[in-house]
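Heads up, the thing below is written out as structure tokens.
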Amino acid sequence: MSPELPPSTLGVNSEKEPSKTPFTDHPSHTVEYDGDSRDAVDGPFLSPRIAAYVKKFENQLIEYNLEARGIERVQQHERMKRLTWVSYLQVFLLWVSINLAANNITLGMLGPVVYGLSFLDSALCAVLGALVGALVASWMATWGPISGVRTMAFGRYSMGWWPSKIVVILNLIQMLGYCLIDCVVCGQILSAVSPSGNMSVAVGIVIIAVSCWVIATFGYQVFHYYERFAFLPQIIVVSILYAVSSAKFDLSTPSSGDPRTLAGNRLSFFSICLSAAITYAPLAADFFVYYPERTSRVTLFSLTLVGLIASFTMAFLVGIGLASGISSHPEYGAAYARGAGALIVEGFGPLHGFGKFCSVVVALGLIANTIPPTYSAGVDFQVLGRYAEKVPRAIWNTIGVIIYTVCALVGRSNLSDIFTNFLALMGYWVAIWIAIILEERFIFRFHSGYNWAVWNDPSKLPVGVAAFIAFVVGWVGAILCMAQVWYIGPLSKLVGEYGADMGNYVGFTWAGLVYPPLRYVELRMLGR
């Protein structure tokens, strides 16, 4: 059962009537431009010949039931015609399918392995960190039905036309980086399952990349349909992993380090898990732009939050448990030395052949985690400018897949370093960006709200001077208080032997302090 959707009306349409499939009538397969949106496909930014090729390509996308829409705002009459309980259930299932994945299992391993935390300390830091980040992501998700615009386009109402491009670039790096990590973890698991580990990690990387490219290229409807069912095999195999490996979980060994070092390590692991959740915020609204404006905001927020927390908790705890057994079980230590994915395979070891089958299911479950950033990256590339906006989303999706596949093949031997450095670093800019978004909404637009028709009009959006300065100030605070393998900020060094990663909180606070007065001056002087 799926929601009743309106038929195609206006937009880029081929003369040939598309074949009727379960996905044909979804509004994502048409493109309609409002008056304040971008120019038509054959606008002044492209030569007539190139514009004709682009138009022909988009017509072919529609003919083969691929989503032709890119960054364009989804108008009210183009959205779901009926909102049913299945539509709301889809929200919960979407986030569980996306998030109950092997990359989050391996992220949980960092608590005992990298930071020397006990099972209890790791579990508390991981779940509470994910809760804080999920609150932000859940709030951002509610703007999809309200606005009908993609998350990065919504950010223009706070950051302005030009500064928002910096945020888009950072978000693209973040999303493609997550895809890179997923590909490497998948490759590690499939390599560990193969006889004597003979299969190269590269094979798994290519498998997940090609699978995600196919689904993301088809677009919104196929992506949602896949995520509706992808959670089920993951819940089954992760539950089996709990059952067969829990006997080797070390629940008694305390955390290591003196009190100051222990406090710093707890804060750093908390920050990494917060970053894993908060980095959904810059793409959360993308998945619900076809939901009608009457969608209950409280229900959407609650289902997103519950879906994220349930899946994060299940994935983190099994990862923490597996890693806690490394010190007392040599076979776990030997497996982890080959890669975090190999430790998951070792956890299934008592099941022998069936355990290897379960490992393959876990590896393929990463497809569900990689599709959303692959899909959103195709849209976000279009936010970079008028020329980028003319390139169809499917082409940008293809470019994104090529980028992260090549990077995964090159960096497949350094997954732990990628995790500990990349995740926290990406969390900094999201925290700073969220501070600006929140203050713009609750201080400067609390009564006036947003004019969604000007989402693509630079002359009516904020100039962005205040946001840019606040963003830079927030980054200064984050750099002073960050704690990474390659750099520990001077303020972070004051906490423990290895420092404490406080970049998220200081960056958020500093940006939040300077933005209101700067924005007030900007409004007084420039009027927008």
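The backbone N, Cα and C atoms fix where each Cβ goes, glycine too.
Just so you know, TrEMBL annotations never went through curation; they're auto-generated.
Marked as compositional bias 'Basic and acidic residues' by TrEMBL: 26-39.
According to TrEMBL, the feature region 'Disordered' maps to 1-39.
Using a Cβ-Cβ cut-off under 8 Å and counting only residues 6 or more beyond its ends in the same chain, the transmembrane segment (83-102) has close neighbours at 1-3, 141, 182, 185-186, 189, 224, 226-231, 234-235, 238, 287-288, 291-292, 294-296, 299-300, 303-304, 306-308, 310-312, 314-315, 341, 344, 362-363, 365-366, 368-369, 371-372. Residues annotated as transmembrane segment in TrEMBL: 83-102 (among others).
Annotation source TrEMBL lists transmembrane segment at 114-146 (among others).
Summarising the annotation, TrEMBL assigns transmembrane segment to 166-190 (among others). Beyond its flanks by at least six residues, the transmembrane segment (166-190) meets 101-103, 106, 152, 155, 159, 199-205, 207-209, 212, 279, 282-283, 338-342, 344-345, 359-360, 362-364, 366, 369-370, 373-374, 376-377, 380-381, 383-384, 400-401, 403-405, 407-408, 411-412, 415, 418-419, 422, 426, 429-430, 433, 468, 471 of its own chain at Cβ-Cβ distances under 8 Å.
Annotation source TrEMBL lists transmembrane segment at 202-223 (among others).
Within its own chain, the transmembrane segment (230-249) has Cβ neighbours under 8 Å at 93, 96-97, 100-101, 105, 119, 314-315, 318, 321-322, 324-325, 328-329, 332, 344, 347-351, 355, 358, 361-362, 365, 367-368, counting only residues six or more beyond its boundaries. Per TrEMBL, transmembrane segment is recorded for 230-249 (among others).
Below 8 angstroms of C-beta separation, residues 26-28, 74, 78-80, 83, 87, 91, 94, 104, 107, 110-111, 114-115, 117, 122, 125-134, 136-145, 147-152, 154-155, 167, 171, 174-175, 178, 220, 224, 300, 304, 308, 312, 316, 372-373, 375-376, 379-380, 419-420, 423-424, 426-427, 430-431, 433-434, 501-504 of the same chain, each at least six residues beyond the ends of the transmembrane segment (269-291), sit close to that stretch. As annotated by TrEMBL, transmembrane segment applies to 269-291 (among others).
Long-range contacts of the transmembrane segment (298-323) within the same chain: residues 88, 91-96, 98-101, 104-113, 119, 122-123, 126-127, 130-131, 134-135, 137-139, 141-142, 145, 235, 238, 241-242, 245-246, 248-249, 273, 276-277, 280, 284, 288, 291, 332, 336, 343-344, 346-347, each at least 6 residues beyond the stretch ends and with a Cβ under 8 Å from a Cβ of the stretch. Annotation source TrEMBL lists transmembrane segment at 298-323 (among others).
Nonlocal intrachain contacts for the transmembrane segment (394-411), taken as residues 6+ away from its ends with a CB within less than 8 angstroms of a stretch CB, comprise 57, 61, 66-67, 172, 175-177, 179-180, 183-184, 187, 202, 205-206, 209, 212-213, 216-217, 219, 374-375, 377-379, 381-382, 388, 418. Marked as transmembrane segment by TrEMBL: 394-411 (among others).
Annotation comment: TrEMBL describes 418-438 (among others) as transmembrane segment.
Look at TrEMBL and you will find 465-488 (among others) tagged as transmembrane segment.
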